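Marked as Zn(2+) binding site by TrEMBL: Cys235, Cys301, Cys302. TrEMBL lists 5-316 with the feature domain 'Hcy-binding'.
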Amino acid sequence: MPFRDPVAALLAEKTTIILDGALATELEARGLDISSPVWSAGALVTHPSLIRDIHFYYYRAGADVAITCSYQATPQGFREHLGLDEDTSIALIKKSVDLAKQAREDALFNVPPQYARKLLVAGSVGPYGAYLANGSEYTGDYSVSTKDMKDFHRGRIQALVDAGVDLLACETLPKLSEASALVELLSEEFPEVAAWMSFSLRPNDPSHISDGTPVEDVLKALNSSPQVVAVGMNCIPTNLVVPALKFWKNYTSKPLLCYPNSGERFDAVTKTWEGKLSESAVVADLVIPGRRHGAKLIGGCCRTNATDIENIVAALNTN
């Protein structure tokens, strides 16, 4: 199968791609306990229909892209924390794609072809730090060889690709070495697969990713990969988005993406969120200035919901 860039294809039709918001937040709002080490991926076992419904609500809110419930869905994590074998774990990862695809079908049901939006499914690939479940996706405080990193990511990526994702969402990456291992893995074993690379950043620092690597070094390493179809940041506070976009756009010509948190702060020790921000914060702090400073893909991360996506769409439609 030849390589195809779904981001470029969609940007040829519209100026801004709308990503979805948090899946875990919507699961919690429906009463689910997602405090286990596999986080929202546990719902693939216990409440798959809820996952499908949430994807549908995000599409209906105006999202162009649904990100699968596979951020912490890995064969290694399912084995260690849920006692599942390899085949069952792979089947669950594939199910995360099937649920998003079912939601896409539902969102387009009875829509005349001339009015149908092009909707994408992005397979979430969380970092090794998410598997550790100790908050290290926000610090990059782990040392793993390139071979071991590729071995860790291979099974999930293969399952996502086999299930038919449109692209991969490699997200909340805290380390350049991990991003480089992913690029190498894709080039060697999945040359037909497109991916975006999205990073966590150091607190109040738009110029360094979480492990301290300068952004210019990160982008220099990624710019030459045709399979990396967008780059940017996620799981950051809204007030860091514009400074980050202003800085990042100087070092890449790839489409920039951003999907920040609601503005609350996550305490990795207590696994709780601190602070509070109004529902309009994502719109007020991100949409218009974010687009002005180069963001082509915009959505929400932790603590955002379908209402936030509706507000993003409304803001884009009125400006």
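Cβ coordinates come from backbone N, Cα and C, glycine included.
Here the structure is a predicted model, which means the values were calculated and not measured.
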* Taking the centroid of the Cβ atoms of Cys235, Cys301, Cys302 as the Zn(2+) site, which other residues of that chain lie with their Cβ within 8 Å of it, listed in sequence order? -> Ala22, Thr172, Asn234, Ile236, Tyr259, Pro260, Asn261, Gly300, Arg303, Thr304
* Asked: Per-residue pLDDT averaged over the domain 'Hcy-binding' (5-316) comes to what?
  -> 92
* To do: Determine the Cβ neighbour count for Cys302 (Zn(2+) binding site): the number of other Cβ atoms within 10 Å of its Cβ.
  => 20
* Do any residues at least six apart in sequence from Cys235 (Zn(2+) binding site), in the same chain, have a Cβ closer than 8 Å to its Cβ, and if so which, in order? -> Glu137, Tyr138, Glu171, Thr172, Ser200, Tyr259, Pro260, Asn261, Cys301, Cys302
* To do: Could you tally the C-beta atoms, other than its own, that fall within 10 angstroms of the C-beta of Cys301 (Zn(2+) binding site)?
  => 26
* To do: According to DSSP, folded down to helix, strand and coil, what is Cys302 (Zn(2+) binding site)?
  => coil
